[in-house]
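Have a look at the structure below, then the notes.
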Amino acid sequence: MRALARPAQYAALLLYILFLGFPLLWLISASVKSSRELNSLTVSLLPQQWHWENYVEALSRQGLVHSAWNSLVVALVATAVVVVIALPASYVLARLRGKVRAAGVGWILVSQVFPVVLVILPLFLILRTIGLADSLAGLTLVHVTYMLPFALWMLQGYVSAIPVELEEAGAVDGASRVTVLRTIVFPLLAPGIAATAMFSFVSSWNEFFFALVLLQSPENYTLPITLKMFIGGEGKVALGPLAAGAVLAAVPSIVFFTLLRRRLTSGLMAGAVKG
Amino acid sequence: MTTPTLAEKTKAAPQRRRGTLVRARRREAIALVMPSLIPILVLSVAPLVVALALAFTDARLVRNPDYEFVGLDNFGRLAGNSFFWDSLRIGLIWTVGVTVLQLAASMGLALLLNSGLRLQGLTRVLALVPWAMPPVVVAIMWQMIYSANGGPLNAFLGSLGLPDDTNWLGDFATALPAVILVGVWVGMPQTTVTLLAGLQQIPAELHEAASMDGAGAWRRFTAVTWPSLRPIVTSITSLNFIWNFNSFSLVYVLTEGGPGGRTMVPILFTYLEAFKNRNIGYAAAMGVVLVIVIVLLLAIYLRSQFRDDRTERRG
């Protein structure tokens, strides 16, 4: 029985690896296959011929690079704004007990319950009234609001992990509150801030729904929207370039998440366990 | 009130000073919270209030909107809209299916990752991939996996001598299960990471004590692991339930609700009502019903969890 347990565990682990990893592997394989091979009936993971032209074709397609640029601008601006406004608030959430904290944490949870489709209706009307409906500025604004609860949640977890005694020691030495925050709290928070920023960036870069509703003109499309239009249109015949574009779109997110790995575990748990 | 004694007077002074300090700190806290609070109020709370109000109007998505308050009309119409209730039923199958399978699959993986096997680094990185990927890319990828001709899934089944011509996303019978599997794939990482962190907090002595008492693997799981994980399981399951119920992009790109509405989850249905049929008042009413449904189901789930907790503690 005991002797059997280990091999069985390894077999199960391999199945998990296959389940989790195979789809991505297949996408990458499709991105380097020629359309002739993709349409043939012989199915194999390794391409008969490496067809890198798919990437060239995906990149030269107008729209893809332009919309990647749009995605980048929206994600960078939204991330910067989210971190700057969430940082002070998360400090208060973590340090103050009682009603403020309860209200803050309560809102973070409640905001998850409301379906985005309900939130977008009035937002769409408001943004249209001020002329920002079909614009990257409007989308950035919506992304900020949508990412804020999670950023607050993550950051307040990291703040809670910093012992209050450190701040008190600074205060005893005569440092003002602002000095304490600047010289003691923020430096210790730096890794947490980086993690929150990366997480926010990926959320915005990947975001699909708000972009779908808000952006009407092709020159404003973000990357996910351009890819979606591609599937509906020529993607059926140009599977290879579609796969190549999809791989390129996923690369930044996967790189950031790999960097985030350790932080993600501790950061989310800091919130989850104490909350 | 009697006149304060001397001792009370001297105590009152520092108290007053503490009072101003508290006030100063409160002012400081408000200043720190403001930058977050204003966008939340303007772009989140206010729109929600407007959305609730919209649900009682006949608003349409047109250039010069001109709408009237129609009371409960939208809800009355909705009660008779069998398409909406069908989509709610599909949405519940999707939500419960994905949430339960996610928990089971993630629990298995978390236990494996916590038992000192090799290949852990690889598995942990792989386990994050689905979480990181844009939903659109996930959908493109799985469309290729499920492809009726030349898809690897059918090729694999064919090599086992099973039927290899199933149109997984296009067939009435298989579309919803196929989409649910993708939902499980996407949601596994977050659940696994959370459960794994919970597992690592269980003191090893508990397991040792249980093994010394002769408990086997299963008995150790039910007697030590599961009870210690309970709070974490409850919170991650509640969150998964909400997230899955509200998820839109994956199903939208995979099937657009097809074939024949078999994967028309309610969020998608509401989206189409608002932005294709342009009835935003009616769509807002649907959104409100969805919020009510999800809050009710969560309340029932959390109540049952707390009741179990109490009986367990008593027993």
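Positions of Cβ are set from backbone N, Cα and C atoms, glycine also.
Because TrEMBL annotations are produced automatically, they should be read as predictions rather than curated entries.
Positions annotated as domain 'ABC transmembrane type-1' by TrEMBL: B:88-301. Sequence annotations record features per position, and here TrEMBL assigns transmembrane segment to B:29-56, B:92-113, B:125-148, B:168-188, B:229-254, B:280-302.
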Intrachain neighbours beyond the transmembrane segment (B:92-113), with Cβ under 8 angstroms and 6 or more residues off its ends:
120, 123-124, 127, 176-177, 179-180, 183-184, 187-188, 191-192, 195-196, 198-199, 221, 225, 233, 236-237, 240-241, 244-245, 251, 263, 265
Can you tell me which parts of the same chain pack against the transmembrane segment (B:29-56), counting only residues 6+ beyond its ends and a CB-CB cutoff under 8 A?
69-72, 74-75, 280-281, 284-285, 287-288
State the non-local partners of the transmembrane segment (B:125-148) in its own chain: residues 6+ outside its ends, Cβ under 8 Å from one of its Cβ atoms.
109, 113, 154, 165-170, 178, 182, 185-190, 192-193, 249-250, 253-254
